[in-house]
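J.: Pulled the feature table from TrEMBL, pasting it below:
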SIGNAL    1-18  signal peptide
DOMAIN    72-380  domain 'Peptidase A1'
ACT_SITE  Asp90  active site
DISULFID  Cys103-Cys110  disulfide bond
ACT_SITE  Asp271  active site
DISULFID  Cys304-Cys342  disulfide bond
Amino acid sequence: SAIMYRIILLSLLTLVFATEDGIRIPLKRIHHKSYHDNPEVYLQRSVQRLQQKYGPGATGEVNLYDFQGVQYYGDISLGTPGQTFTVLFDTGSADLWIPSSKCKIWDIACWFHLKYNSKKSSTYQADGRPFSIKYVTGSASGFLSRDVLTIGGLEVTNQTFAEITDPSLMFIWSEFDGILGLAFKSVAQSKENPPFVNLIKQQVVAKPFFSFYFSEEGGELALGYTDKSHYSGRFTFKKLIKPAKFWSFFMDRITVESQDVGADNVTVIVDSGTSLIAGPPEQIKTINDLIGAKEILGLYIVDCNTIDQLPNVEFHINDVQFNLTGRDYVLEMRRFVFFKVCISGFMEVDLGAPIWILGDVFLRRVYTQFNNGRGSLGFALAV
């Protein structure tokens, strides 16, 4: 069956590397079909997701659609013996949710994903409180449970997670089974500790931080340490904005070839579940004008032949400058199978406040440490 094939494939392809300092979890990267074939819809839904997640009256609920563009995912297991699932590690949410074996038979989305079965786990503990996640085009719901969670060989006991019994049809096309949130408890729908917080509290992880490395081929989530093979130089650290809800800080400024774009001392959220870089419409328009992008049907289009000549976009953090080149911030997408279009990775989003979201476009260039212990973010040039 397709499910059995996936289980075998996961066991063959997924390797977890233990070091003296911590754990490395390989991440795979894919482009979802909708990312290439319908970029207008993809970007529109991305904007809606960010408004829902961070805008006025935001509930912190997770919207699945933006994850369907560029996905970085890895594997975890739940229960005893372990049941393996592919998840997205998302710094912009704080809950762990997985499809449940209690999915209704008519829920087609559940047919194509691995499902957690509490009857097969000797360490399962019932909770039963209702849980829901919101989508742009619908919602999904289920209930809370507790069990042993294993991430990269590190074991957390009594981890609260959601069993999803009623998923959205959109979930059918997802390459992942669920989402593991890495933000803070204050935005958790479950009101319980996120998995990494429990890794710290149960003294399972070597040090109270994790690090992300993203590349064109894949990536790596390092638990309890930073992987020196993936960055150069020293880290630049910024304290988180208090009280900590998301991984947010004040960035000094953003420029294009040293030219000011009106983004000084701005609030920035680092979100591994967002593909692009999003910001206030006026400032994003300024950036896109300066890089020569032309707006067509809501998309900022760049001449694919000029990518190597495009200006650097510079992010200033503690007077250290992190440069993104055209190769870093331009996305190449297919249209109508054979036609290629190049789109700016800078996306307008009105969140009711001058907030910027740094997604994968930034994280592929800048190796980032998320430090729960120090309440800080660390940035170094990715290699």
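Cβ coordinates come from backbone N, Cα and C, glycine included.
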J.: Out of Cys103, Asp271, Cys304, Cys342, the recorded positions in the record, which is closest to Asp90 (active site) when you go by Cα distance?
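T.: Nearest listed residue in space: Asp271.
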J.: Just going by other Cβ atoms within 10 Å, which of the disulfide-bonded residues Cys110, Cys304, Cys342 has the emptiest spot?
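T.: Counting other Cβ atoms within 10 Å of each of the disulfide-bonded residues Cys110, Cys304, Cys342, the minimum falls on Cys304.
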J.: Which one, from the active-site residues Asp90, Asp271, has the smallest tally of other C-beta atoms lying within 10 Å of its C-beta?
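T.: Comparing Cβ neighbours within 10 Å for the active-site residues Asp90, Asp271, Asp90 has the fewest.
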J.: What is the total of other Cβ atoms whose distance to the Cβ of Cys103 (disulfide bond) is within 10 Å?
T.: 20
J.: Closest of the recorded positions to Cys103 (disulfide bond), Cα to Cα, picking from Asp271, Cys304, Cys342?
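T.: Considering only the listed recorded positions, the nearest one is Asp271.
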J.: In terms of Cα spacing, which of the recorded positions Asp271, Cys304, Cys342 are within 10 angstroms of Cys110 (disulfide bond)?
T.: none
J.: Taking only the Cα atoms, work out how far Cys304 (disulfide bond) lies from Asp271 (active site), in Å, as a whole number.
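T.: So the Cα of Asp271 (active site) lies 27 Å away from that of Cys304 (disulfide bond).
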J.: Which state, by DSSP, holds Cys342 (disulfide bond): helix, strand or coil?
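T.: Looking at the DSSP assignment, Cys342 (disulfide bond) belongs to a strand.
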J.: What Cα-Cα separation, expressed in whole Å, is found between Cys342 (disulfide bond) and Asp271 (active site)?
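T.: Just about 23 Å between their Cα atoms.
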J.: Which of the three DSSP-derived classes (helix, strand, coil) applies to Cys304 (disulfide bond)?
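T.: DSSP assigns Cys304 (disulfide bond) to helix.
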J.: Kindly assign Asp90 (active site) to one of the three DSSP-derived states: helix, strand or coil.
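T.: In three-state terms, Asp90 (active site) counts as strand.
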J.: Looking only at DSSP and grouping its letters into three states, which state does Cys110 (disulfide bond) belong to?
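T.: Reduced to three states, the DSSP call for Cys110 (disulfide bond) is helix.
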